[in-house]
C-alpha cells in the first residue's frame, strides 16, 4: 500500500490517475497534456535507444538468458523507464519518480507511433520491438501485479479456485510442460475462452475443457501479447490516417522523418561497391559470404533455373544491395532462366519488367530496398514449388547438426534464427565474437567481405591479389584440409561445409 499512497501524492487528477495507474500499459489512451519540443525530442530519442537495445540484444542473446536480462535492466535504469515495480516500492527514489518514468514511457510510445506508422516495414519493426519490450516487462511482474494489470485493462481472465485446481491437478500437470505435481499448488491458472488461446491449443500446451483452456501463470503472457499486438497494429493503422495533419507542422516533420530512418541504420539500397562485382564472382561469393537464406535461393536458382516471385524479390534485392547494376541483374536472370523452360523472348516479356521494377525504373518508380532479416522471417512461408529464404532455413533438423553444432541447434529450437545465423557467421569465419548484431542478409555479406578483404566491403582498401576471393579462385587453406589430427578451427570448417551442403540440398 506504500506504493499507492506515494502515487496519490504524485498524481494530481483523475485523468492522470487513469493513465498511469499501472507500471505496464497497453497504451490505449493518448497523452492529454502539452509538452515542449525539447522534451518531445528527448523522450523520442530515449525510447528509440531502448527499442534499438531490445533489437540488438535479441539477436545477440537468447531472450530468456541472464545476459539479456541484465543488459536490458541496465538500459532501463540508464534511460529512466519504469521496470521492476517491487524494487521501486522497497527502495527510496534517488532519480525521477515512478510517475515521471510512467509518463515518459507513455508519451514516448505515442511519439514513435507517429514516426513508425508511415510504411509497412516501419510498422513491422516497431510492433516487433514493442512486443519484445512488453514481454520482458510483463514476465517481471508477480502474480498480484498480473491480476491488477488484467483488471486494469479489462481483460477478464480469472484465476481458478483452489478447489477447482485440486480437482484438475492430474489434467493440469499432464497438459502443461512447465508444471509438475510439486509446483502445481503454488501456481496460478487462468481460465480463458479457447478462441483467445489458439496458439497454445495448437501446440497442445494447455488443458482444454468445455470451451475453456487452463493456462499456467508463465504462459498467460502469450494471450496478453496477442491482444497487445492486435491493438497496436490497429492503432498504427489509425495513426497513419491522421498523419498528414501532423506532417503539416514544420516543427515536427523533420524530427519524425529522422526518427523513422534511424531504426535500421543502413538500408543497403545504394552501395559504394555498385558495379564492382562481376557476374563471374557471384558463385564464389555465394560460397564464402552469403548467409544461408540467400545461399539457399542461389542454389535453388542454379538447380532449377527458375525462382517464383517471392524468391526473385528476396534474392534480386539482395543482389542489388551487394552491388549488381540493373544491366548486370537483367543479364544474370536472363542467362539463368533461358537454361530452363523460358526462352529469351518470353523472359523479356514476362520477367524483365519485374527486375526493372525492383530498381525503380518501372511502375511507381519506387527504389526498393533489400529485405531485412525480420522481413524475411515474418514473410509468408513458401508454398509448394516455391523458394524462400524465410527463417534462414534453420527450421530443418538433422542428426549431423545435432551431433556437431548443438549451440546453433539450441538457438534454432528457440526460434532465435538471427542469433543462430550470427553464430554460423562466426563459425564460418573462425572468429569468437563477430562484434555486431546481425539483422540483415546484406549486413552478413558486407561484414564477411570486410573480413575477407573483398569488394563487397564497400570501402577502398589495398588488398593483395592472392588474398582477394573475388579476383582469384580460393585455394584450399590449412583450415579446410581434412585429415586426422585437425585443430578445432579445421574441425569447425569441416562441420560448416557439411552443414552448408545439407541446407543447400534440403
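The backbone N, Cα and C atoms fix where each Cβ goes, glycine too.
As given in TrEMBL:
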BINDING   293, 373, 392, 421  [4Fe-4S] cluster binding site
COMPBIAS  471-481  compositional bias 'Pro residues'
DOMAIN    284-445  domain 'DNA primase large subunit C-terminal'
REGION    464-490  region 'Disordered'
Return the count of C-beta atoms lying within 10 angstroms of the C-beta of residue 373 ([4Fe-4S] cluster binding site), excluding that atom itself.
23
Measure from the Cβ of residue 293 ([4Fe-4S] cluster binding site) and count the other Cβ atoms within 10 Å, all protein chains considered.
27
The domain 'DNA primase large subunit C-terminal' (284-445): mean pLDDT?
82
Suppose we draw a 10 Å sphere around the Cβ of residue 421 ([4Fe-4S] cluster binding site). How many other Cβ atoms does it contain, all chains included?
26
